[in-house]
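Student: Dropping a structure here in C-alpha cells format, bear with me for questions.
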Amino acid sequence: MGSASSAYRVIYLDVDGRSQKVVFSRFCSPCDIKELLCSALGLPRNTTIFLLDVTGAMVSVDPTMPHNSERSPYKVVPVAGGQLADKEELFQNVLTQVAEQFSRAFKINELKTEVTNRLAMLEKRVELEGLKVVEIEKCRSDIKKLREEMASRNNSFLEDNKKLTPRRDMPSYPKYHLSQETVEALRKPTFDVWQWEPNEMLSCLEHIYHDLGLVKDFSINPITLKRWLLCIHDNYRNNPFHNFRHCFCVTQMMYSMVHLCSLQERFTQMDILILITAAVCHDLDHPGYNNTYQINARTELAVRYNDISPLENHHCAVAFQIFSQPDCNIFSNFDPETFKQIRQGTITLILATDMARHGEILDSFKQKVDSFDFTNEEHVTCLKMVLIKCCDISNEVRPMEVAEPWVDCLLEEYFMQSDREKLEGLPVAPFMDREKVTKPTAQIGFIKFVLIPMFETVMKLFPQIEAAMVQPLRESRDRYEELKQIDDAMNEVQKKKNENLTMGGKKK
C-alpha cells in the first residue's frame, strides 16, 4: 500500500537460499529499483527481471511495492533476452536517426558544451576559492544536478518516443476486484488516495470508466483502455507532487463530483467522457518546475509555446501523442467529427488548469452562474473548466490526514524549484522559498482567496457541495489560522528571549 510518510522502503530477496535486505528511497524510479535488485543478485544491470512473492504472484517493481519480511522474501527471476526482430531493429534505427536529427535541430551539442563549461567553472571555484565545507558540499550537489540535467536533456527525445507505448504487457497489470466498500468510498470526496499502489489506482480508474457507462456507451475496447491507462501511468514523472497519484487524486475527485452533483442528469455522456479524460491527462510528463520557471529560464517548452501556458500545452501534446498509438487509442471507434469534439474539449479543459488564467475563468463563470443555462454550450464549457480547476486543487476538501501530506509534497517540489532558481540567478517567488514560507502561511491565503471563493461560486449551482466540500475548506482555513497564531506566539517568545540574551551580553 502507498505511504505518505516513509522516506525509505525495505524489502527482502531470496538470493540462493539466503535472505538479502534491500533499502531504497520512495523517490527512486522503477528503473533504479530494478537495477538495484539486479546488483543484489549479481546480474547485469540491464537484465529483464520478474519479482515474485512466496505464493508465486507477480509484484510490480516500483517504489510502492508491498513490504515483506525475512520469512517471506521476494524471488527475482531473470528473463533471457533475445535478438530484436528485423522490424524492431529497423524501427530502433529510425528512432536513433530521429533522435540525432532532434539533437541537431535543438542544438543539444551546444547545450552540452555550455553546461560542460559551466561545470568546469564551478569545479574550478571549488578548488581555488577555499570555500567552507558546507559550501563545498552544496556546490558539489549543484554540479551533480547539472550533470543529471545535461544527461536527461541529451537523451530526452529518444526516451520520450520509447514511453509512448506501455513498458509492461497486459498480464503484468492485474485486474483487482474492488470490494463494495471501496466502490462506495471511491464516489466520495473523503476517499483516502494514499492507501493504494499504482496497479490498484489503475484498476480504480478502469472502474470509473466502466461505472459511468463510458466503455459501453462509446464502445471502448476494454483491453485498449487498460493499455492506455498503463501508458498514462508511464508518462507521469516521479515528482514529489505532480505525479501519477496526483493524476488519480484529481480524477477521483471529478468522479465524486459527477455523483455528488448528479452531473449525468445535466451533462451529455460526451461531456462526462471529456471531464474524466481531461482529469486523467491534465499533468502528463510534468517536469516538476512550473510555468514561471519555464518562461524565466527560457526552456525548450517555453520557446516552443511562446511563453503561453507551456506546461499545459505540453500535457495536451503528450496526451494526443499517446492517443495516436493504435494500441492506446480508446477513441479508435469514433468518427472524425466526434473525435474532433473530444480533442477540442479535452484541450480546452487541460489549458484551463493554468493558474495564471484563474481570475479570467472564474470571473467568466460568475457572470453566467446566476442565469446559468445547461442548454447553452458556452455556459456548459465554462462550467466544465471550473470543475476541472476545482478538482485540480481540491486536496484541502479531503480529510486533514489525507490533505496534509499533499502540502508537504507540494512544498518539497516548490523548494526544489526555488533552490534551482537561486542557483541559476532567476527570480524566486516568496511562497516557494524554503527560508520564507511555512505550511500555515502557504495554505491560509490559498484557501481564503482561491479555493473557498471558487467552490462557493460552484455551490450556487450545486448547493449539495456545501457540506461535502465547502465546509471542509472553511474548517481547514480555521485550523491553519490557529497554527499560524501558535507559530507567531512561539516566534515572539523566541524573539524576546534573544533580545534578553543580547541585553545581558551588553551589560557584561
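Cβ from N, Cα, C; glycine included.
Annotations in TrEMBL come from automatic prediction, not curation.
Below are the features listed in TrEMBL for this protein:
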ACT_SITE  His242  active site, proton donor
BINDING   His242, Asn243, Phe244, Arg245, His246, Asp283, Asp392, Gln443  AMP binding site
BINDING   His246, His282, Asp283, Asp392  Zn(2+) 1 binding site
BINDING   Asp283  Zn(2+) 2 binding site
DOMAIN    166-487  domain 'PDEase'
Student: Which chain-mates of Asn243 (AMP binding site) that are at least 6 residues away have a CB under 8 A from its CB, listed by sequence?
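Tutor: In sequence order, the residues whose Cβ lies under 8 Å from that of Asn243 (AMP binding site) (at least 6 apart) are Tyr236, Arg237, His286.
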Student: Identify, among the binding-site residues Asp283, Asp392, the residue whose Cβ has the fewest other Cβ atoms within 10 Å in this structure.
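Tutor: Per-residue Cβ counts within 10 Å for the binding-site residues Asp283, Asp392 bottom out at Asp392.
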Student: Quick check for the class: what is the C-alpha distance, in angstrom and rounded, between His246 (AMP binding site) and His282 (Zn(2+) 1 binding site)?
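Tutor: Per the Cα atoms, His246 (AMP binding site) and His282 (Zn(2+) 1 binding site) stand 10 Å apart.
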Student: Around the Zn(2+) 1 site formed by His246, His282, Asp283, Asp392, which additional residues qualify by having Cβ within 8 Å of the site's Cβ center?
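Tutor: The surrounding set, listed in chain order, is His242, Cys247, Val250, Ala279, His286, Thr353.
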Student: At the level of the C-alpha atoms, what whole-angstrom distance separates Phe244 (AMP binding site) and His282 (Zn(2+) 1 binding site)?
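Tutor: Computed Cα spacing between Phe244 (AMP binding site) and His282 (Zn(2+) 1 binding site) is 11 Å.
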Student: Measuring Cα to Cα, how many angstrom lie between His242 (active site, proton donor) and Gln443 (AMP binding site)?
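Tutor: Cα to Cα, His242 (active site, proton donor) and Gln443 (AMP binding site) are separated by 18 Å.
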Student: Please tell me which one of the binding-site residues listed here (Arg245, Asp392, Gln443) sits closest to His282 (Zn(2+) 1 binding site), measuring Cα to Cα?
Tutor: Asp392
Student: What is the average pLDDT across the domain 'PDEase' (166-487)?
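Tutor: That region's mean pLDDT is 96.
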Student: Can you give the largest Cα to Cα distance in Å, as a whole number, for the residues His242, Asn243, Phe244, Arg245, His246, Asp283, Asp392, Gln443 that bind AMP in the record?
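Tutor: 23 Å is the greatest Cα spacing among the residues binding AMP.
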Student: Relative to the Cβ position of His282 (Zn(2+) 1 binding site), how many further Cβ atoms are located within 10 Å?
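Tutor: The Cβ of His282 (Zn(2+) 1 binding site) has 27 Cβ neighbours within 10 Å.
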Student: Give the residue from the recorded positions His242, Arg245, His246 that has the most other Cβ atoms within 10 Å of its Cβ, counting over every protein chain displayed.
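Tutor: By the 10 Å Cβ neighbour count, His242 comes out on top.
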